[in-house]
Amino acid sequence: MEEDILYHFSLSTKTHNLPEMFGDIKFVCVGGSANRMKAFAQFMHHELKLPGIPEDIKDICEGTDRYCMYKVGPVLSISHGMGVPSISIMLHELIKLLHHAQCRDVVLFRLGTSGGVGLAPGTVVITDKAVDYSFRPQFEQIVLGKVITRSTELDEGVANELLQCSSSQNIPTVIGNTMCTHDFYEGQGRLDGALCSFSHEEKLEYLRKAYEAGVRNIEMESTVFAAMCRICGLKAAVVCVALLNRFDGDQITSPHDVLVEYQQRPQVLVSHFIKKHLGLVV
């Protein structure tokens, strides 16, 4: 095509020199919250000891209110909103951006929060396989009225290296399956939503089945993230902290300062991985 408009990023191959802007990108970190991804970009600016003031970094996507994007050296930090549809749109345009910018050997990370399954709050889960509501490692996409099934296996080497990094950072971390749902309430077996058609005992039975299937946390984006990265040949990892143990309840009751520290754990872990690959730490 003559021009490729990355509409939700407010970028275009005709109006922007994408190789010049993004050609040196080696790591892409995505997360749901715009504020959190801005904070992560500022954190990486400090960790990489780059010139300038971290607070002065600019949102490349300031022409739209859909997503935010910050470039910090070879690191791109992008928000993706909540749920499969929102992250899917972002990923399509991100993968095209990386192609147009002629980026090579890029590693993608999804940084996020989740509900733990049999884990203490604050535990970080590195995803082995992203699974659906039936604990199958697959993502179903409807294309022209037909169901297309794609594998959701993630890069084992990246996952193991992240686990090694967690030891030096003293961050409680496990590798396990991550269940991706279409909803925060009923889809995750919560009893505290506006609608609830099941009992406390039925909820616990479902969580026990999930645990037995290797599920250690629940969120809402991992399957499409894993599937799209895999089919496009991109190394990727999902790194999410558990804010609560779903066997103990549904609502997040930890104090704000505790939650802030929990949410920083995936960022610290991935930043160490990045610095290690850049030769900044041993």
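Just so you know, glycine gets a Cβ as well, placed from its N, Cα and C.
Among the features that TrEMBL reports, domain 'Nucleoside phosphorylase' is placed at 26-275.
Taking Cβ-Cβ distances under 8 Å and a sequence separation of 6 or more, the neighbours of C68 (disulfide bond) in its chain are A34, M37, K38, D59, C61, I78, S79. Annotated disulfide bond per TrEMBL: C61-C68, in sequence order.
The phosphate binding site feature in TrEMBL is assigned to R66, R110, L111, G112, T113. Around R110 (phosphate binding site), the same-chain residues six or more apart in sequence whose CB sits under 8 Å from its CB are C29, V30, G31, H80, I87, E221, S222, F225, A236, A237, V238, V239, C240, listed in sequence order.
Cβ neighbour count for Q188 (substrate binding site) (all protein chains, 10 Å cutoff from its Cβ): 22. Here TrEMBL flags Q188, R190 as substrate binding site.
Taking the Cα atom of each, Q188 (substrate binding site) and R66 (phosphate binding site) are about 26 angstrom apart. Distance from the CA of R190 (substrate binding site) to the CA of G112 (phosphate binding site) is 19 Å.
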